Structures are given as C-alpha cells and as structure tokens.
Amino acid sequence: MAKKSCSTGTQKRHRLDCIQATGRDITSFCLVMLMLQIWQALATLIEKIGITSEVHFLRIMMDGIPPPKDKHLFIKDLRFEKVKVRMYQPKMSTTGQRRGILYFHGGVGRLGSIQAYERTCRYFARKTNSVVVSVGYRLAPEYPYPTQFEDCLTATIHFMRTAQDYGVDPSRIIVCGDSSGGTLTAAVAQALVNRRDVPKLRAQILIYPFLQGADFNLPSYQQNEGIPVLLKERTVSLGLKYLNTDLSAVNNVLQGCHVSEELRLKYQKWLSPDNIPHEFKTRGYTPSTEQPFSEQVYTLVKALLEPVFSPLLSEDSVIAQLPETFILTCEYDVLRDDGLLYKKRLEDHGVKVTLCHLQEGFHGTIFLALYGKITFFKNTFDFPFLKSSLEISALDLLSFLSKKLIW
C-alpha cells in the first residue's frame, strides 16, 4: 500500500511502488484511524468526568511501554545547561568523529517526552550511525510558549559548543523533528543563521511539520479535515491551547479573520495554492472566500503569525541562509501543504531540498510505525503498511545523509 514521490532540488518527481495495496492494508489503515479517534474521545471523556486532564492522559498514552535495553547503543541522561536531554551513542567503533543529530519531539508543545520518543531516537542512532540527542524541552501549559523553543535553542547551542566532547564533528550537526518538533527544528535553524559564535548547522530534517498559522484552508486542510489524528479544527484548537489563548477564536482563525489585508498580500506570494503542484489538488480543492479582518481576533492570536510559531512566514533574508533541508510529507495530513510550500520557498532562495512524500501516509505515521505492533484493549494488531512507510522514509533519509559532507 505504501507509495512515495520523491524529488531532490528540482520539480522533477518520480514514484516508487513498494507494495501493492490490498484489502488487508486498507482495513489496517481504517483500523488505525479508528483507534486514534477512540483514544482522543477517551481522553476527552476522562477529562469531562474529572479523572484527570486530557493532556495528562495523552502524555501517559504517548509514553507507552519502554522498549528493552539496546545492545547496540550507549544511552545516558544529561543536562545541557537547564535542559534535560538523552544521548544515544553507537557502540560500533569509528575512526573519526560522528555526525550529531538533535531531535525535537512532536506533541504541539504540550505532549511528548524523551521516553515517548525512545524508539524514534534509537532508530535514528542505529540506522545512521550518529550520536543522537533527544531534547526534553519543558511542556505547556506548565511552561508557557515560547519556553519550548528557548529550551531547544539552548540545547542546540550547548551541543554545538561541546560536540567534540561526545565524539561529534561540530561541522556535521543536524537538527531534526516531527510535527510541532518540525516547527521547533525550523525555528531553531532560523534563529542560528546570523550567529557567529557557533558552527553552521549542516542540515535540517522536517518530518510532517507545522509551518504556518495564517491559512487553514489550503488544499491539504480541505482534503484531510476529518482524518485523524490531526483534524482541521483540532489543529487550530491545539495551537491556541499551546499559546494559552481563548478557544472562542477557533472559528474566526479557521476563516482567516486574524490576517489583515496588508499581511494577506505579504503572505500570498508564499502561501498561494498556485505554489502547490496540481497533483496535490486532484482530491479536491475550492478556493476559500476572503473573510473580513478582525483586529480583536488578531490581537488575541497574533502569536500564530510569529516566525517562531510559523517559520514559513519568516523574512527572505533568513530563509536564504538556511542549510540543506530534508522534508517528509504525508498525503493524508492537513500539514502536507506546509511542507510543500516551504520546499518551494527554500528552493526559490537557492537552498537544496530533498522531499519524501508518503502517498499513503498520515500524520504520525513514523511515530506509530516504530512501535511495529499496537496493543488495543488487550488485542495486538500488526500494521505492515506502517512498516513499509518507515522503510521508504528511512531509505530516503539515509540517501540524504550519505551525501559527501553530511555522511
């Protein structure tokens, strides 16, 4: 069932059919979607009846069952200044310094943890023979936005300055993250472009990232508005919760009432659906009707448009200095077009971009795939289409990393 489209540096695209779609694959896909919906409904119900908060329940669910000891890695917990991190170092001997990868987990600033992403970071360390640092940034609402970005930036700078202490080449450090961790990755990369007190980042890896809070009516939002785990309306409500903003603004934000005419004109050249290849509109797209601007709504949610929250909206002078980039997008994901638009924007400024598009993927595919099997109400389910998606993305990622200067 898993398919991909892949492009590197140009608009030339090709398709790789890894396995044929079967009735079993489609059933498995629907079952995963159902499980995700049930987990979310259960979290909401538990909060309503007063057992615990929705966010606390989902944190526990994401942490899951820790994997067994890994005989191929040295794993240790450290602090980079005030930030908790976990370092994964391959036991395999090497003649020189290794590549370093900082990993920022997803979770919309409120969920996720080092433990939840243990499998992900172990996988990256083993597959790429890299030193991986999982950053345990502090979460909202206990620690309000933008604490999460500040912690990630602090950890990155510390690692860049001390990389050689851990057998890492300072000139081969990469930042990486999925979902909102991809947002943090892009924001950290942008924050470092004008720094002269640390080495330059070698690359950034963005896995189905959220990159802009200006337009929630792009083709991918329309096509996937009801597909778990990131429904269209839920995307906005989670973003506003992360920003500790009144949820009464959700509908106005969905309609674009928070963007002034001046900003709309500025963003149009970056967010225009015309910048999205036609093949991504074939499942349906209707241009949205422009709604009147509301100063009140803008004042309430203006953080949505800040570059730290919406890296796609950064100025050209910043975008042009960014390092080589790998972007992974999924067809059944409201955030798909954020990645496609960022790819074009980067390439327009001469930044090399490798795109891996999972044509049967959905938001969270990589995170779920690393569990292999999922236990649900005492039943264990195996999802081969998730594994094939992981294999596709791993092949592309290894190809990206094996380039002369990165490897």
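Cβ coordinates are placed from backbone N, Cα and C, and glycine is handled just like the others.
Per TrEMBL, the feature domain 'Alpha/beta hydrolase fold-3' maps to 101-242 (among others).
For SER179 (active site), the same-chain residues that are 6 or more apart in sequence and have a Cβ closer than 8 Å to its Cβ are GLY106, GLY107, VAL108, ILE207, TYR208, PRO209, PHE210, LEU230, LEU335, HIS363, GLY364. DSSP assigns SER179 (active site) to coil in the three-state reduction, placing it in neither a helix nor a strand. Positions annotated as active site by TrEMBL: SER179 (among others).
Sequence annotations record features per position, and here TrEMBL assigns domain 'Alpha/beta hydrolase fold-3' to 296-365 (among others). Summarised by DSSP class, the composition of the domain 'Alpha/beta hydrolase fold-3' (296-365) is 31 helix, 19 strand, 20 coil.
Annotated active site per TrEMBL: ASP333 (among others), in sequence order.
Residues annotated as active site in TrEMBL: HIS363 (among others).
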Fill in: Secondary structure content of the domain 'Alpha/beta hydrolase fold-3' (101-242), with strand meaning DSSP E or B
59 helix, 26 strand, 57 coil
Worksheet item: the domain 'Alpha/beta hydrolase fold-3' (101-242): mean pLDDT?
Response: 97
